[in-house]
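Below: the structure, in structure tokens.
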Amino acid sequence: MSLFDTINAGGAQLLGVAWPTVWALVRILVVAVVILLCVAYLILWERKLIGWMHVRLGPNRVGPAGLLQPIADVLKLLLKEVIQPSAASRWLYLVAPVMTVVPAFAVWAVIPFQAQAVLANVNAGLLYAMAISSIGVYAVILAGWASNSKYAFLGAMRAAAQMVSYEISMGFALVLVLMTAGSLNLSEIVGSQQHGFFAGHGVNFLSWNWLPLLPAFVVYFVSGIAETNRHPFDVVEGESEIVAGHMIDYSGMAFALFFLAEYINMIVISALAATLFLGGWDAPFEFLSFIPGIFWLVLKVFALLSVFIWVRATFPRYRYDQIMRLGWKVFLPVTVIWVVVVGFWMMSPLNIWVK
């Protein structure tokens, strides 16, 4: 019996019918706290990694090797005043930052950390993740409109167009995973990658979806960078034109909530990419399967997050027309064509996804 099963059994015996509700709240709280800690140290890792790429040290003053820098940043933002523009729509202005964070947290309800370790093991998990993650764009539009600033509104309109453009390609990439796995349940999608010729010979990583669905994996990940408005797709907050875009009139914790949502969404995109294309909690080789699955998932997510940061430090920002062209004229045709190719592949004698 695992530790979680032991706690669950003991709690049920102690609290009776109230235990399921208490246990659900405890799990949600634990996941939320872990995500917040991950965001704090992801920001530190980003600053450190970019510093090394620029041949400098990065944060190294607060705590040993700068490890307490995230705590100092949080305290600074908590103590700053939230200044509201006089012409802003008061309630909408305050609701927008909260509305952008809530969907980012809500997606984690269906992401499995390892076998049987998921907050809500629903059969439509992939559909839920796609739907919830799309809500964030409304918060961005709301922030741009409520600020009553032409620069904020311009940034919000850019965000809306960019997110809609890349969500279509991302959706087709996920349709490919659905076709091959035959399920919307994220745990079952991971399970579908654990069989095949290579997995049968102990080389698990060659049976994962990244290899047969490589174009879809690339499209999904790059679209994820665009969806999160990360460099080089950060025209929403283009510093040289509209400064911080929809966040230009926000300060203090209201401003920090937008950044919190951005980094949570980065982790969500990486976790979904690892789950859908990189085998989730599955070990790359069978002889390493004794290591707990959550270790492999965290390692894959960390590697993908490092790619996010590497892209930021390497590529110049695209023009807005280039971003639209990439989404509509490159990614969309590639994913549609690959859906057709995989469809014929699955109907042929060479079908590698036979259940």
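Using N, Cα and C of the backbone, Cβ positions are placed for all residues, glycine too.
Within its own chain, the transmembrane segment (25-45) has Cβ neighbours under 8 Å at 59, 66-67, 69-71, 73-74, 105, 108, 119, 260, 263-264, 266-267, 305-306, 309, counting only residues six or more beyond its boundaries. What Swiss-Prot records for 25-45 (among others) is transmembrane segment, and it gives sequence analysis as the kind of evidence.
If you look up Swiss-Prot, you'll see 91-111 (among others) marked as transmembrane segment, on the strength of sequence analysis.
The transmembrane segment annotation in Swiss-Prot covers 126-146 (among others).
Annotated transmembrane segment per Swiss-Prot: 170-190 (among others), in sequence order. With a cut-off of 8 Å between Cβ atoms, the residues of this chain six or more beyond the transmembrane segment (170-190) that come close are 110-112, 115-116, 118, 121-127, 129-130, 209, 212-213, 216-217, 219-220, 223-224, 227, 275-277, 279-282, 332, 335-336, 338-339, 342-343, 346, 353, 355.
Under the heading transmembrane segment, Swiss-Prot lists 205-225 (among others), citing sequence analysis as support.
Counting same-chain residues at least six beyond the ends of the transmembrane segment (253-273), those with a Cβ under 8 angstroms from any Cβ of the stretch are 35-36, 38-39, 42-43, 74, 77-78, 80, 82, 94, 97-98, 100-101, 104-105, 107-108, 111, 129, 133, 136, 139, 143, 217, 220-221, 224-225, 227-230, 246-247, 297, 300-301, 304-305, 308. The transmembrane segment feature in Swiss-Prot is assigned to 253-273 (among others).
For 290-310 (among others), the entry in Swiss-Prot reads transmembrane segment.
Note on the transmembrane segment (330-350): residues 166, 168-169, 172-173, 175-176, 179-180, 212-213, 215-216, 219, 222-223 of its chain, located 6 or more positions outside it, place their CB under 8 angstroms from a CB of the stretch. According to Swiss-Prot, the transmembrane segment annotation covers 330-350 (among others), on the basis of sequence analysis.
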Using Cβ atoms and a strict cutoff of less than 8 Å, what residues sit near the transmembrane segment (91-111) while being 6 or more residues removed from its termini? 31-32, 35, 84-85, 118-122, 125-126, 128-129, 132-133, 135-136, 138-140, 142-143, 145-147, 186, 249-250, 253-255, 257-258, 260-261, 264-265, 268, 271-272, 275
So if I exclude everything within five residues of the ends of the transmembrane segment (126-146), which remaining residues of that chain have a CB under 8 angstroms from its CBs? That is, six or more out. 88-89, 92-93, 95-97, 99-100, 103-104, 106-107, 109-111, 152-157, 159-160, 163-164, 167, 170-171, 174, 177-178, 184-186, 189, 227, 236, 245-247, 250, 258, 261, 265, 268, 272, 276
